[in-house]
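This report refers to the structure that appears directly beneath it.
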Amino acid sequence: MVLFNVSRVETTPFGDQKPGTSGLRKKVKVFKQPNYLQNFVQSTFNALTPQNVRGATLVVSGDGRYFSKDAIQIITKMAAGNGLRRVWVGQNGLLSTPAVSAVIRERVGVDGSKATGAFILTASHNPGGPNEDFGIKYNMENGGPAPEGITDKIYENTKTIKEYLTADLPDVDITTIGVTSFSGSEGQFDVEVFDSASDYIKLMKSIFDFESIRKLLSSPKFTFCYDALHGVAGAYAKRIFVEELGAQESSLLNCVPKEDFGGGHPDPNLTYAKELVARMGLGKSNSEVEPPEFGAAADGDADRNMVLGKRFFVTPSDSVAIIAANAVEAIPYFSAGLKGVARSMPTSAALDVVAKSLNLKFFEVPTGWKFFGNLMDAGLCSVCGEESFGTGSDHIREKDGIWAVLAWLSILAYKNRENLGGGKLVTVEDIVHNHWATYGRHYYTRYDYENVDAGAAKELMACLVKLQSSLTEVNEIVSGIQSDVSKVVHADEFEYKDPVDGSISKHQGIRYLFEDGSRLVFRLSGTGSEGATIRLYIEQYEKDPSKTGRDSQDALAPLVAVALGLXKMQEFTGRSAPTVIT
């Protein structure tokens, strides 16, 4: 057994290590600065209770992006230096973010141990590579992201750090499954490399009826396509969709994980998932080949999802509402009923209507999955989602892209249980249109203005807040831009009081609410690594079934004009068009 010694290394603080909603994300060159990663990791260990460090078990893995392998070795040595008992690593350093959550909650090590937390190495949907983004976040013993109380402590520690602890271990082989043991002054330290997918697959099989999905996928009527965008979802896609569920291997796109995501942007939306969008018949040029019935994509760390039907896009806001409306019938895990449902504030109110109709508890929370986690830990929420392509349930404490795809396949299997032999297939588009006929439609779009000058973005938001003090003035501006829209009846900055722990989150987005249920929401996003991103959300509710079939951009055009005029978007940003429209 290799012996190791622990050393204390002097360091000085960096001023830019404040974690955002999903940890710390920066360019790779920033993380490669001497002691940059080490400072953040030590500041995290120092923010945790002693029982979550000394003698504890830590998971360290991620989406496989560039610099992950180096980071795993650095963190493993620091874990030994800080007195942890063992580190668990997914084979090749790969674990999806939802799989990390599942591993913390479900996995038992070869020696009977349980994990108390994890460092997840991901910048989610941001690009990867030597000149692109890297990220790190800490998840707690419930499998969810560190709450603000912990991330605030981490940030305070980064401002005063003077030293970090590390051990002189050799690099560990993370390509081969097995346990490597070392001996230090406080006893044994183990690094266990384990299969990245098996724990997660076992959990999925306990939630869904794999046999009914297998029947659907084996039907000649039903065709399927899944695009991992060269992210970590590829490590799960073949095992689940091909080996477990019998899909054709040719139905998988870009399912080999790559450090730079194949040079692409691993963000599952209509702009970046070009190959899937074209295959599903939604591209600018129509393919002569008949598109598949169902398509889906994942982001870099596989916690986000995009769901498509043949020539049909399902908005994430509709997706979570449709899953909630069908969960009890179609998914065995929910057969006893839903405890409640929740959505992030910018997400459309489609879920609210389902909750009201089904008499379910309903919660509207700020953006950030940790808010859902609190509700789930208290037994108040079963299904939740956000407009940024995140959907999930209380099976783990992260959003889960593959779970969402399996949920949709379960609903399709249930709706088609009688007609796989004969009769017309119930399609994704049919399911969505039937949902609108029952609950009404929330026309919805999101405009993203990426890498905007941070000063200009803050000024724009400040003007919108100031404007809220006079609804009369707001309505004069609105009617001057577009005379045929409803009037604004309420305007505020969204604030959330957590019903579980009483904590208050302020400044969570600027809202303008209209008399007819329409909404405009403006947010500054904290997930980019450079500049600011302004997100503008536009929503209009239509209850009349004869009016739910319009093109959403056409239906929303008057409100879009109001939003851009109210915010003086071009004046502040210099942009005549958004970077991305969803």
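Using the three backbone atoms N, Cα and C, a Cβ is placed for every residue, glycine included.
Pulled from Swiss-Prot, these are the features on record:
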- R25, S124, D303, R304, T367, E386, S388, K399: alpha-D-glucose 1,6-bisphosphate binding site (BINDING)
- S124, D299, D301, D303: Mg(2+) binding site (BINDING)
- S124: active site, phosphoserine intermediate (ACT_SITE)
- S124: phosphoserine (MOD_RES)
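Report note: the Mg(2+) site is defined by S124, D299, D301, D303, and the residues of the same chain whose CB lies within 8 Å of the CB centroid of those residues, excluding them, are D63, S96, T97, T122, H125, G231, P266, A298, G300, A302, R304, G401.
Here D303 (alpha-D-glucose 1,6-bisphosphate binding site) comes close to S96, T97, P98, S124, G390, G392, E398, K399, D400, G401: these same-chain residues lie at least six apart in sequence, with C-beta atoms under 8 angstroms from its C-beta.
For the pair R25 (alpha-D-glucose 1,6-bisphosphate binding site) and D301 (Mg(2+) binding site), the Cα-Cα distance reads 14 Å.
DSSP classifies S124 (alpha-D-glucose 1,6-bisphosphate binding site) as coil under the three-state reduction.
Within the same chain, residues at least six positions away from D299 (Mg(2+) binding site) with a Cβ under 8 Å of its Cβ are S124, H125, L229, G231, A233, P266, D267, P268, F389, G401.
For the binding-site residues listed here (D301, E386), the lowest count of other CB atoms within 10 A around the CB belongs to E386.
Among the binding-site residues listed (T367, E386, S388), S388 has its Cα nearest to the Cα of D301 (Mg(2+) binding site). Listed in sequence order, T21, S344, M345, P346, E386, S388, Q508, G509, R523 are the same-chain residues six or more apart from T367 (alpha-D-glucose 1,6-bisphosphate binding site) with CB atoms under 8 A from its CB. In this structure, the binding-site residues R25, R304, K399 were compared by how many other Cβ atoms lie within 10 Å of their Cβ, and the smallest count belongs to R25. For S124 (alpha-D-glucose 1,6-bisphosphate binding site), the count of additional Cβ atoms within 10 Å of its Cβ stands at 26 [all protein chains shown]. Other Cβ atoms within 10 Å of the Cβ of S388 (alpha-D-glucose 1,6-bisphosphate binding site) number 23 in total over all chains.
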